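Database features (Swiss-Prot):
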type	residues	note
COMPBIAS	312-328	compositional bias 'Acidic residues'
DOMAIN	182-282	domain 'PH'
MOD_RES	19	phosphoserine
MOD_RES	142	phosphothreonine
REGION	137-159	region 'Disordered'
REGION	285-328	region 'Disordered'
């Protein structure tokens, strides 16, 4: 009943405080008038405080829930933006492929259109500014839009314009000697770093009918440039970069295996660059296709004429010609062969890579034992162009710019088709580069929060899981291929392990974590690394080699800390027995010494809570054994001498201090107590250290044996006032 009244009072109080016309001063005045005394005010105060705490908890809970929803929404928006960006690229590729199909199906119509464009262009007059430049050399539907024999005024004008512009570029005189080359478009650009989006330099781009010249701006001379790079349009891909203020009006040029990002003056200039690059690439591809068709065309009339006008030709020479004519008869009239180039275009446009490669395999199998007369060569030339286009699309599928969320299995489709096309080495290189980018992205996205050991658990799980999945997928994709691919994978795995160790060392060793934390982190990394042995991949020696320098530094640093602490305790040594005051404290010390391996510690305990040892010797024992235990977790053969020398240095500090105290002490009782501590060090602590070291390493340490078996204590200078020589 009282609980119900309390709840109703709290709800009434909440409604009163939440009302729109609530005034605090008037409320306090009424409350003071209505209360019977101090007790009522105290109870009311408690109710208000409880209500305040409840409100604060609700507010905190709502903020946390809204924050989580905000983070999840932002992450989904980021994923959606990435997918939309990739979808835009796919639509652009399909548009380009669909536009190229009519040119293939209707070469006569395309040629007529090109001739019409040529006639129209010769009659076009110049204009001012940038339009004047484009009127001379600008957007052509094909490179043959003007006269190609040099007799037309348009061709001469383009050549003069190209010569004039290239004379302003240092280091590209050889380009002026290329016949048939003319300028299509040019303009100023700003280059940005592809990784950090930092401005690099001002450049000027010269787009010719078969290549792209990039020249850097010389600030010392107005209007002069220096040659930077020349890219063939065959291996050049143009990608639109989505505006992300202040980074806008940008586009990317992909030249395997590198990429460059440029910024245009404005959106209009950027659109012109994208359009003219695509148009020029398409025109160059069409031109080369026609040249291949002309080169593959049969030259029958000259051969017939030569035979008809040669009355002295012997019959013996005609005999081998009969089977030669018969060999040239290859049936290419089948419907699937006639439609093969168009079917390949459709498969590439629809991203049916398997279907395209199946058609190529079918054709190769059909022509495997057939001769190569001109019709077959012509067909092969058409098919080779489609193979090149298919290879470019598959290479783009494996580029790191693509989505990495699908894991290594997402690359299997493109890799398998590249292998079927005979591009095994390229497939291996692109697959490993894609996975390296995925591993780098996964490590970079890890949040550094909370304890170091928790972060290392996440880091090891992410990295070694990715490495294991990559190894299994590699074994599936490249089974039965050249063994050189497996060598490339081992090299890649070592490089990836270096990336992991960089992130590991930065968090564990550079942040000066304790030796125990570092030992636990290294232990976790070793355990994950040993899991790779399930697939026959042992990288333990690599992680040892990469971590040895950092672990040596950690051992040396912690050794110096122990030595300094021991020296400080030695300077304050009074050689008195320890009094732990309570049985609980004595029991705790016994457990600690037992965990250190000192099993006979009971004989050094006296009546009540006394211990017949010095505080300095007991503290030294616990610290030394703790150092040894943590160091053994970090141990591998390359660290053997480092660990052994560190132990000897630490032990010598305590031994020298005891020896010096024995020589300097005059009181017989204290001298006997010092001898008891020395006996504990030599007969108990050193054997325990030696035994534990041998158990952890697997072999005894001669230096520790010599130190324990010394016939007398180490000599020191009797006149010295320090504990170390």
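Quick reminder: no glycine exception, Cβ is built from N, Cα and C everywhere.
A coil conformation is recorded for the residue listed as 'phosphoserine' in the three-state DSSP classification, outside any helix or strand. Counting every protein chain shown, the number of other Cβ atoms lying within 10 Å of the Cβ of residue 19 (phosphoserine) is 9. Secondary structure of the domain 'PH' (182-282), assigned with DSSP and counted as helix (H, G, I), strand (E, B) and coil, comes to 19 helix, 55 strand, 27 coil.
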